[in-house]
Every structure is written in structure tokens, then in C-alpha cells.
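K.L.:
Sharing the features that Swiss-Prot gives for it:
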DOMAIN    476-589  domain 'C-type lectin'
CARBOHYD  Asn79  N-linked glycosylation site
CARBOHYD  Asn113  N-linked glycosylation site
CARBOHYD  Asn207  N-linked glycosylation site
CARBOHYD  Asn230  N-linked glycosylation site
CARBOHYD  Asn244  N-linked glycosylation site
CARBOHYD  Asn312  N-linked glycosylation site
CARBOHYD  Asn385  N-linked glycosylation site
CARBOHYD  Asn399  N-linked glycosylation site
TOPO_DOM  1-39  topological domain 'Cytoplasmic'
TOPO_DOM  61-589  topological domain 'Extracellular'
TRANSMEM  40-60  transmembrane segment
Amino acid sequence: MDGEAVRFCTDNQCVSLHPQEVDSVAMAPAAPKIPRLVQATPAFMAVTLVFSLVTLFVVVQQQTRPVPKPVQAVILGDNITGHLPFEPNNHHHFGREAEMRELIQTFKGHMENSSAWVVEIQMLKCRVDNVNSQLQVLGDHLGNTNADIQMVKGVLKDATTLSLQTQMLRSSLEGTNAEIQRLKEDLEKADALTFQTLNFLKSSLENTSIELHVLSRGLENANSEIQMLNASLETANTQAQLANSSLKNANAEIYVLRGHLDSVNDLRTQNQVLRNSLEGANAEIQGLKENLQNTNALNSQTQAFIKSSFDNTSAEIQFLRGHLERAGDEIHVLKRDLKMVTAQTQKANGRLDQTDTQIQVFKSEMENVNTLNAQIQVLNGHMKNASREIQTLKQGMKNASALTSQTQMLDSNLQKASAEIQRLRGDLENTKALTMEIQQEQSRLKTLHVVITSQEQLQRTQSQLLQMVLQGWKFNGGSLYYFSSVKKSWHEAEQFCVSQGAHLASVASKEEQAFLVEFTSKVYYWIGLTDRGTEGSWRWTDGTPFNAAQNKAPGSKGSCPLRKYIIVNSGMGACSFIDTPPCPWILSN
């Protein structure tokens, strides 16, 4: 209450009611004041109750008060004559007659106005019905808005889920980048190791070429010696034909020459073995070069692909970040719009309650009005109130139209958000596909790493074999043999072989025996046949059992040199313990 004006405030608008001839003034939106609204509502109800009681009292007084006699006379006239109850020649009564006529005209005008007011009241009722229907439509729109709000909440939950998935993808991409960096470092290490292996192979090849050059010179010298021996043989044959007396000397010389020929044959065999080993080494080196070229090409392709994939991944991540930021902004705008819609909905509900209260009061007052004067007074007051309410309803309709436009804007924003979510889902699928490709590339890189490791192991094995071949090792049947030039006792030779991770040679087949005989000539070599610890039960030192059925018993105790063993197994004698000077040995690996 402020003087003669009454103010009603909602969350963001205030309406003031003034006395007659003063219109309602719509004040500027004020800040929400819930305590003032709580205080104004009881005051408004009290004022409405007092106004209704006063109106009821006036109506009762109008019904109980008798009509003045002059007015009855004016209205009804004389019951007998039907004329006015005054004399025409009386000037005083003539003036009263004019006044009464004027009063009658005024009353008729009021009656006509009352009929017009009845029409306006009917129009107001129609408008009230229209307002009720519009309020029902507004309630339906509010229900649809609530459904849209629930749908927006679901979309926001989906957006939250997408943001979590995007964070997971970021963490997986960071792990993938770290794995790619580690693989790059491994590739650099592999390239460095390959370069070192290449240098080692080049140096080994140079050494091999030098040794082959030396061997070729030795072969040339051997060929010249063979030619000289052929000439000597021709001379010896001529001398044998000419003189039988020199036959013994010639036979002796031939025997010596045959020994030289055996040496030459051994040299030829060694030369052939070296040539085969060299050809194999050249083929392996060529294969290694091709493998290195393929590995370098594959490394370059892999690096280019990984770089392009990383660039594409970074661009897509930036793109996703931008979209997520825009989605966050749109979600913030939607939240703000939802808050505005909620506030406007509450305001509309308050106005609807006020409108219902006003309509109920209007109906009760319309039922209680019985006289024309009371109807005029009440209608004047209610016309003003109705105009105020109409203005309020118009403002509510404007707000409803604004709410409808905001609802449409929310629908469009929801459609945009749905399209954005669909596009984000597509981007997520693309990111998943990219992750699968990265995993495939990682598996390929792991396979390449395994291949490179196996190639490095093969290169190391080949390098070791090449070094062993260059050091004088012989290859036969998947095993390597080393014919020593240092003489030791059998026990010392065995201990040396065990310290090198090998053992004295064992004869497991006729082919192996033939191979060993080919390189031993007339020199004794220790082999790994022994009965130490098991008197009379012979065995090989590498654990291979000695087959007594296929081989004849070696004889008495002791370890047997190779030539003795061969003689024993040919049935030419027995292998006994030999107290001779130390012999060289055959190392088998």
C-alpha cells in the first residue's frame, strides 16, 4: 500500500492500482522480491474482502430504502386520471416537471448504457473464456516445454558422456604418441646397429678378400709345383722305361710324389670349401643388403605414415576441441534460456492465479448486483478492473508469444545440438577407426621390430660363423670342428674343450668318420672316447652312448686317438692306453 495506490509485484514486474480516472501503471521490471509478494498477497485479499462487504452493504441499503413519493408520482402518475399530479398553470410544478423529465431522460440513458454494458459484460465473458482456452493452450505448451527440457537434459547427459569418451581418447592418443616415440627411438637404435653391422661386414669382407687373394697366390704356387711334379713324373717314367735298375729309386720318388699329391688334393679340397663358404657369404651379404634396403624403405614409409597420421590426429583433436567448446557454449546458452523459461513460467502461473481470483470476484459481484445504480457503480469499478486485467492478460499473451518464440528457438537449438551430437558421434567413429589403424601400425611396428631382431641375431650368428671359419673351423653335418695345432694330453685337451663350452669330437656316423679322416692325414688327434670312471664301458664325452654293436670294442683302457680308433674299427688291432707324447685334438661345437 502506498497512499491511495495498491501495488502487486511478481518476480520481474509490478502493477499499481490507483483510484478512479487513473490507469494502472506498469512499472519497470524490478529485482525479484519474494518477501514483498508474500506481504502484498494478504493485503490484496483483505482489500478485496472489504470492497465486497461494502458493495453488499450498499446493495442491501438500495433494496430496503423506499422510493420517494415525488419520484413515484413522476414515474407512475395519477392512478385515476393518468396525468401528472400538479397543475399545469403552476410555475413551480412546471419547473419540477422539467427536472423530472430531465431525470427520466438521464435514467433512460443509464438504462441504454446498462444494456450496452451488458453486451460488454458478455464480450468480457467471451474474452475470459478465450483467455481460459489460451491459458489451457499455454499449459499444454508448458508441458511440451517440460518435455523438451527433459530431452535437453538427456542431450546434456549424452554430451557429458561424449566429453568423457573424448578425454579417454585423448589419454589413449597420448599413450599412442608415447609408444610411437619409443618405436622411433627403437628404429633409430636399429638403424645404428644395422650401420655398425654393415661396417663390420665390410671390414670382414675386406679381410676375406685379402685372405682369398693370399689363397689364390698359394693355389698358383701349388699349380706351378703340380706342373713341375708332372714334368718330374714324365721324366721318372722315361727313366723307368730306360733303366730297370733305377726302379726302386723311382718308386720311392713316386711314393714321395704321391704324398705331395695327397697334400695338393687336401689343398684343393680346402680351396673348394673356402670357395663354397665365400659364395655362401657373398649370397648372405647380398641378401642382407636387400633386407637392409627394404628395411630402410619400410622405415621411411612408416615414418611418413606415422607423421601424417599424427598430423591428422592432431588436426582432428583440435577440431573436436573446437566443437566441444562450441557445444559447451551452446549448453550454457540453453541453461540460461531454461532458467529464463522457468522464471517466466512461474510468473505466468502467478498471473494465472491472480486472473482466476479476479474472475471469481467478478462472478460473485455480478451475481450480487440487483439494482441499476449498484450495477453502474460496480460495473464502473469492474470495467476499470477489467481494463486492467485485460491489459495484464494482453501482457501475459505477449509473454506467452515470447515464450512460444523462445520455445521455437529452443527447438531449433535442440535440432542444432542433435546435429552437432551426430557429427560428434561421426567424429568419434572416425577417431575409433584411427585408433584401430594406429593399433595396426603398432602391431606392424612390433612385427618389424621382431624381424629386425631376428635379422640382427642372424647377422650376429653369421658373423660368428664367418669369424670361426676364418679362424680355421671346419663345417660338416651341422657341426663345427676345429683341428688344433697345439699338442696336449687327453685330459688337458678335454678340460680346454669344456672351458670353451664344447667337447672333444665324437664319431657318430661313417660320414663323420670319413670327414675327420680326410683332414687328419697321418697325424694323431685326440677324440672324445673314454671309459674313465666306468672301467671297460666306453662312451663319448658329449654324452652320446658308444654303440658296441656297430663298432668293435676299443680294447684296453684309455682314450683312443683318432687314427688308432679308425684302425680298431677296421679290424686291424686294438686301441690301448697310449703313453706317447701329447697329441693335437679335435674340438667339436
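Note: Cβ is positioned from N, Cα and C throughout, glycine not excepted.
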K.L.:
If one measures from the C-alpha of Asn385 (N-linked glycosylation site) to the C-alpha of Asn399 (N-linked glycosylation site), what distance in angstrom results, rounded to a whole number?
P.N.:
20
K.L.:
Going by C-alpha distance, which of the glycosylation sites Asn207, Asn312, Asn399 is nearest to Asn113 (N-linked glycosylation site)?
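P.N.:
Nearest in space to Asn113 (N-linked glycosylation site), counting only the glycosylation sites, is Asn399.
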K.L.:
Starting from the Cβ of Asn399 (N-linked glycosylation site), draw a 10 Å sphere and report how many other Cβ atoms land inside it.
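P.N.:
Around Asn399 (N-linked glycosylation site), other Cβ atoms within 10 Å: 17.
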K.L.:
Give me the CA-CA distance between Asn312 (N-linked glycosylation site) and Asn207 (N-linked glycosylation site), in Å, as a whole number.
P.N.:
50
K.L.:
List the same-chain residues at least 6 positions away in sequence whose Cβ sits under 8 Å from the Cβ of Asn207 (N-linked glycosylation site), in sequence order, or say none.
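P.N.:
The list for Asn207 (N-linked glycosylation site) reads Leu470, given in order along the sequence.
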K.L.:
If you count other C-beta atoms within 10 angstroms, which of the glycosylation sites Asn312, Asn385 is the most crowded?
P.N.:
Asn385
